[in-house]
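Enquirer: According to Swiss-Prot:
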BINDING   Gly87, Asn118  anthranilate 1 binding site
BINDING   Gly87, 90-91, Thr95, 97-100, 115-123, Ser127  5-phospho-alpha-D-ribose 1-diphosphate binding site
BINDING   Ser99, Glu233  Mg(2+) 1 binding site
BINDING   Arg173  anthranilate 2 binding site
BINDING   Asp232, Glu233  Mg(2+) 2 binding site
Amino acid sequence: MVTASESWPQLLEQLLVGNVLSKENAAALMEAWLAEELTPVQTGAFLAAFRARDVQGSELAAMAEVLRKACALPDAKPNLGLVDTCGTGGDGADTFNISTAVAFTAAACGAHVAKHGNRSASGKVGSADVLEGLGLHLKAPLESVLGALPASGVTFLFAPAWHPALVNLAPLRRSLGVRTVFNLLGPLVNPLTPEAQVLGVAKAELLDPMAEALQQLGLTRAVVVHGAGGLDEASLEGPNEVRILENGNVRSDQLSASDFGLTLAPLEALRGGDLVTNQQILEAVLKGEAPDAHRDAVALNTALVLWAAGVQSDLSEGVKQALTSLEEGQPWHRLVSLRDALEGRKEE
């Protein structure tokens, strides 16, 4: 294990030649980052080295464990069988906020959703951006964040509010101008440590390491999905590659919208826009007033969440339940309920 500053060059050399860090060294590196023991040059070099080779699930899990322990949330967490819908972003597809719509739809179908999110990563508008635009208080007190779950079935955790230790790294990450290992860690460090998760990845080569990381972090059920057309959600365009974690084992599969009676559609049909446009799309989807492609994309991804959360054992039934909920506008009531619980803007 790395114990002294003079050992960091040797650790960097391991990464540069393609070696996998031990769990102990990966954890020590994260602890050093959080303690600001590394210079900006050293940190930049490590981030670039991780970018230059495929990161491993064991490395991600070890670093995520450190971040989870460092978060600002007390150990007391609700025992509700939580599920998260946070993904890596980075697909550059500029779709509307699908996973955000899924969070409220899944809640309306009976799941307890702890949505962990941030501002924009892949699109022009991140989950935090669009929810703030619709009146949610992103930095609500802990009692409000937790208190929303029993009544609303959903809560939102704004990542920077619960991971203050990462604030000092933010300027350097931005200055690098490229995505780093921290973009992969974000979906793994939900402060409420949900038992289940649906995690979208923008690149197929991330399916296995992210599934391995979730497995090592002890999740009960999870789905890691890489959508047709390069989407970090299940797509309507064609076959979607998935890794399914269940009973401690990971298996590979494919699923398509057409498997569930949904109409195939190109990515263009799911395009979003600026903040106002994405707010309008999200509101329309949740109220049951959206185009079929928007509705179907949300229903397909919601079915994965309902399976992971144990609400539905059959994906086809999950799609049907989600479609019914969307058509009745039930998810919008969940957003309004959460907005009120987080002491945001009241419905006029």
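Glycine residues also receive a Cβ, built from the backbone N, Cα and C atoms like all the rest.
Neighbours and distances for these, please.
Expert: Cβ environment of Asn118 (anthranilate 1 binding site): Gly126, Ser127, Ala128, Phe158, Ala159, Pro160, Gly186 lie under 8 Å away, each six or more residues apart in the same chain.
The number of other CB atoms found within 10 A of the CB of Ser99 (5-phospho-alpha-D-ribose 1-diphosphate binding site), across every protein chain shown, is 24. DSSP classifies Ser99 (5-phospho-alpha-D-ribose 1-diphosphate binding site) as helix under the three-state reduction.
The secondary structure of Arg173 (anthranilate 2 binding site), as reduced to three states from DSSP, is helical.
Annotation for Glu233 (Mg(2+) 1 binding site): spatial neighbours Gly87, Thr95, Ile98, Ser99, Gly200, Val225, Gly227, Ala297, Asn301, criterion Cβ-Cβ under 8 Å with sequence separation of six or more.
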Enquirer: Looking at the binding-site residues Gly87, Thr95, Arg173, Asp232, which one has the fewest other Cβ atoms within 10 Å of its own Cβ?
Expert: Arg173
Enquirer: What are the sequence-distant neighbours of His116 (5-phospho-alpha-D-ribose 1-diphosphate binding site), meaning same chain, six or more residues apart, C-beta distance under 8 angstroms?
Expert: Asp84, Cys86, Leu157, Ala159, Gly186, Pro187, Val189, Asn190, Pro191, Leu192
Enquirer: Using Cβ-Cβ distances, find the residues under 8 Å from Arg119 (5-phospho-alpha-D-ribose 1-diphosphate binding site) that belong to the same chain and are at least 6 apart in sequence, listing them in sequence order.
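Expert: Listed in sequence order, they are Gly126, Ala128, Asp129.
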Enquirer: In whole Å, how far is Asp232 (Mg(2+) 2 binding site) from Arg173 (anthranilate 2 binding site) when you measure between their Cα atoms?
Expert: 21
